Amino acid sequence: MFDRDFDFKMSWKWVLHTSCLAFLVQLLCLDAVPISVDKTKVNQPEDKSSEPQQNVDTGLHYDRYLREVIDFLEKDQHFRDKLHNTDMEDIKMGKLAKELDFVSHHVRTQLDELKRQEVSRLRTLIKAKQDIEGGNDMAVDHQALLKQFEYLNHMNPHTFEVEDLDRLIKSATSDLENYDKARHEEFKKYEMTKEHDRREHLKTLDEDRRKKEEEHYEEMKKKHADHPKVNHPGSQNQFKEVWEEADGLDPEEFDPKTFFNLHDSNGDGFFDEQELEALFTKELEKIYDPTNEEDDMVEMEEERLRMREHVMNEVDTNKDRLVSLEEFLVATKKKEFLEPDSWETLEQNQAYTEEEMREFEEHLAQQEEDLHQRASDLQKQREELEKQQEQLNAQKAEFQQAVEHMEKLKIQNVEPASEIQGNEIAEPQGEYHPLPPGHQDMSQNHPGNEIAEPQGEYHPLPPGHQDMSQNHPGMKQENHEQNQIPNSNQDLSQTRLQDLPPGHQAVP
């Protein structure tokens, strides 16, 4: 985040003042002290009156919503007049937001639609975040998640009310005022991370290589610190140097008002943060060169922001993150402007203490330990899942084998039945006739009973009757012989057919 030019300013204040300050800029130009300027060395400023003013991105995640609200409110004459007559502190306290009730219906309708679009955008972002984190099957509580977006009233997603404007102004003011504090912490973390990586690298080297690396490091530090004197940002000496080298003017003819008008690049009568930071380029070139190994461009951008922050704290008396001509002229009369203290650069003002470095390394060590523990837990979970998968695969294989076995048994049971139906039954030999269906030769169940072979011809009993001689070993053979049917196979088919029960057929 440090290798780009941050431009966090109060764009709503800057934009809304544009129209009312146009006339003021003209007056300032008329009152400017005339000086003799070598036109061959000074580029004439382009006429920007016909060009639309460009809204500079504040860097806030709701920057577009903020600027669109400003654009719609500027269309209402009543609100614009009230803005011009309202003090910055009153704006921060929310007094301007109450004027929303007097805005035209057409503007309010546009603001309502704008808010609905913003709420829809936030809900889409929340849904995307849930999908990325794997919460596709979880119900999303949009109302709870929208609470983190304090710049609008999420309880009323359909209309833009006074509370919405009040929230927007206060959120933007707070976020922008806390930007420098958050930036300091980020840069401190960057510096400590860089030092931590250097120390860890030294641990991997042997004694000789470690010694050479330390010597090289100290040499680069001395080389970086060896640079021309850096002027105090916002001082007369610093501005005179820009006046001479950048503007091509005589330093003896330095005039603060003319200098202000020359470097107010958008002609709005204010120095914004971007315009201020551009004034420090000459000073930064004394310290940093992108081609030098010892110069860190991240540190260069931090140095630029430190200079801008310092000037803003000294000059911006109403804390609107803009420097007006009046504020600038007042600052040029102070002792600090004429006789400034020396400016301590980053190498002279270390961003962290050794105690902070120790705590940072302990924090990193704890994070690393937590990551190892997490990795170990995940590995165990993976091994457990692999075991479960193996068990499932084994069960699946057993199931498939059982299914195949059942299919084989089914096929084997069907084949014998087919063979029986397709073959003719052989003619019984001699005088033997099989028992009717459903009867069994009970003599096989009583191995101890020896029954005499029946005399003459044997005929089976009708269905439902049993040869009781097999179940009663003591029964005399004569009784068995008395129950025999007359001896004629041909007579059986003719005389006994009517005696068979229904559903039975005579066995040939």
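The first residue you see is number 1, and the count goes up from there.
For all residues, glycine too, the Cβ spot is worked out from N, Cα and C.
TrEMBL: automatically predicted annotations, no manual curation.
The annotation compositional bias 'Basic and acidic residues' is assigned in TrEMBL to 193-221, 360-389. The compositional bias 'Polar residues' annotation in TrEMBL covers 482-497. TrEMBL lists 251-286, 303-338 with the feature domain 'EF-hand'. Summarising the annotation, TrEMBL assigns region 'Disordered' to 193-235, 354-393, 410-508. The signal peptide annotation in TrEMBL covers 1-32.
Cβ atoms under 8 Å from those of the region 'Disordered' (354-393) belong to residues 188-189, 192, 195-196 of the same chain, restricted to positions at least 6 beyond its ends. DSSP assignment over the compositional bias 'Basic and acidic residues' (193-221) gives 26 helix, 0 strand, 3 coil. Taken together, the residues in the domain 'EF-hand' (303-338) have a mean pLDDT of 90 on the 0 to 100 scale.
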